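A short worksheet on the structure shown next.
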Amino acid sequence: MRECISIHVGQAGVQIGNACWELYCLEHGIQPDGQMPSDKTIGGGDDSFNTFFSETGAGKHVPRAVFVDLEPTVVDEVRTGTYRQLFHPEQLITGKEDAASNYARGHYTIGKEIVDLVLDRIRKLADLCTGLQGFLIFHSFGGGTGSGFASLLMERLSVDYSKKSKLEFAIYPAPQVSTAVVEPYNSILTTHTTLEHSDCAFMVDNEAIYDICRRNLDIERPTYTNLNRLIGQIVSSITASLRFDGALNVDLTEFQTNLVPYPRIHFPLATYAPVISAEKAYHEQLSVAEITNACFEPANQMVKCDPRHGKYMACCMLYRGDVVPKDVNAAIATIKTKRTIQFVDWCPTGFKVGINYQPPTVVPGGDLAKVQRAVCMLSNTTAIAEAWARLVHKFDLMYAKWAFVHWYVGEGMEEGEFSEAREDLAALEKDCEEVGVDSVEAEAEEGEAY
């Protein structure tokens, strides 16, 4: 088996975890108490969903997941919620005091006390796997636990499981909607620390998701539940190929192979289509061509940046539902003829396709319509540099005035770490830009073409 262990860190990670596991259970027909009436093999079995769930002798399915937060309130909601019987109590780990939006508290002072316990739990989960494939780590960039503790944990995982892939789902601080003043500090420190430990990081920007909820689902004031359910759909699309049998299946390591041209440039954009409310879906025919086109609309992206200003390095299309390869090839051929979508000249083919026959499931009473087919596009584009540039700019504004720095230094950080992290991100931004520059011959030709 190729098992995956999900690690949900901090409030954002835990709440997205709730949305994801709720959806996985619906998709696989697993009840909130872990029983699965459709599953005939008791204990183990080689079903695809066993990559995400382990089975006990009593036929109960337990998620291969750990929920960690440095303060108890958010995880307590899982302990008392609908799915409380699904998780083993030891999978829900909480500390006593929170990281107070402070990277240094999550990474140095408070995180240190709990990290060995967490690694011990992860070790127990890993022991239940026959062929552990890797880790999926869910966290936010802006929070103290999400930034500090997640990066500490990833450093330690690199030591203990050096050969296993680590994929992140990270909540990028939204340009407008800010939950903490020090988000730029936390984001830049955590990106710097995890850059060499993460193999692939899917970023999700709250503001982009807000806009999608407002525009496509007509929700005037989206709540975190609305946002998380949409993020859950995306995570589910990305992991569907690991949990179901499909025609063209995509493995965790295959993502990396196809999406990451250089080790540092491992931040693909996710785009999901169709995001549509039930009353609209009733009147629309969402063909493969239409949903494929929708993926190239900047409005449907999960991070605010404009791919039309950058170039695509690689592109993964993950279809699910009633989709046949013939339609996909036609849709992609059409996309390639469009001038607006530019690929870097050293990567001419650039499309990888996965098809999964399991149609998308929706949470009953949720906002999304039940559709026959959906697609999730993961694209590595140089436009992501815009997102880093925004962060670095905000970081500079505060750091120039040395604002809030004492909170970090007081928790045992050194001032040098700030400038070091800032340099690293500036370099990352530069890397993205350089990759997009054409080879010399191409530049001469372009001059003539215009």
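Numbers run from 1 along the shown chain.
Glycine is no exception: its Cβ is also placed from the backbone N, Cα and C atoms.
Here Swiss-Prot gives motif 'MREC motif' for one range in the set 1-4, 157-160, 233-236: that range is 1-4.
Residues Gln11, Glu71, Ser140, Gly144, Thr145, Thr179, Asn228 are given by Swiss-Prot as GTP binders; from Asn50, Asn206, Asn216, that same site also lists Asn206. Looking at Lys40, Lys163, Swiss-Prot tags one of them with N6-acetyllysine, and that residue is Lys40. In the three-state DSSP classification, Thr179 (GTP binding site) falls within coil. For the pair formed by Glu71 (GTP binding site) and Tyr282 (3'-nitrotyrosine), distance between Cα atoms is given as 44 Å, rounded to the nearest Å. Note on proximity: of the binding-site residues Gln11, Ser140, Thr145, Thr179, the one nearest Glu254 (active site) is Ser140, by Cα distance.
On the backbone, the CA of Asn206 (GTP binding site) and the CA of Tyr282 (3'-nitrotyrosine) stand 28 Å apart.
The two recorded residues, Ser140 (GTP binding site) and Tyr282 (3'-nitrotyrosine), show a Cα separation of 35 Å. Sparsest Cβ environment among the recorded positions Glu71, Glu254 (other Cβ atoms counted within 10 Å): Glu254.
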